[in-house]
Amino acid sequence: MDQSIQVNINEVNQALERKDSLDVIKWAYKTYGDKLVYACSMGAEGMVLIDLISKVRPDAPVIFLDTDFHFSETYELIERVKERYPKLQLKLVKPELTPEEQAETYGDRLWERQPDLCCKLRKLVPLEKELAQYDAWMSGLRRDQSPTRTNTQFVNEDRRFGSTKICPLIHWTSEEIWMYIELHQLPYNDLHDKQYPSIGCEYCTRPVKEGEDERAGRWSNTSKTECGLHQ
């Protein structure tokens, strides 16, 4: 059985402190190689990170958690990403239960009654099974996205999944993300042009009002702020 790759997270973060995102990505693939996967939500940050990754590892494995509840615009974006990056190993990871099976087992509109359970069934459990094949995973988290993400480092211990989480974009602002997208003419979700800065499942995402933070449109009628992937 292969041994997992271990790193001293504090030492690595000190070494990477003054490095840029591309340096972090290069370090990640040099360290983990094929044992590293990018879990992409197909948000604006995801488009930037895919583009940066393609410069280092064009055939990198990338997974998207297909909950079956995403906007049609999100699925359309996935096809455009495949066209732009044909070497990318993009895999859609599905839950065990279809929406119909989930409704039969747990009742209709579970996302309204028990959003944490819905996220667990359709996101957390599938991701946990997928990450078991890898030693580390990459994420497009940024510190200024929300108060829950302000302490994110380049390299993080991920107790939730027993893994290492690498976040190359922690210092980027929303403005810098969009400058990069426009400069390189990257594909992006059309909903971003309709006041959706953060896009998740269709049932749990609304447009954001002026003055709200980027993730205010996620689970807006509940106290929930994260799906559980980054806690």
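Glycine is treated like the rest: Cβ placed from N, Cα and C.
Here's what Swiss-Prot has on this protein:
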- CYS118, CYS119, CYS201, CYS204: [4Fe-4S] cluster binding site (BINDING)
- CYS227: active site, nucleophile (ACT_SITE)
Checklist entry - Counting across all protein chains shown, how many other Cβ atoms sit within 10 Å of the Cβ of CYS118 ([4Fe-4S] cluster binding site)? => result 23
Next on the checklist: List every residue in the same chain as CYS201 ([4Fe-4S] cluster binding site), at least 6 positions away in sequence, whose Cβ is under 8 Å from its Cβ.
Outcome noted: THR67, PHE69, HIS70, TRP111, ARG122
Checklist entry - What residue among the binding-site residues CYS119, CYS204 has the most other CB atoms lying within 10 A of its CB? => result CYS119
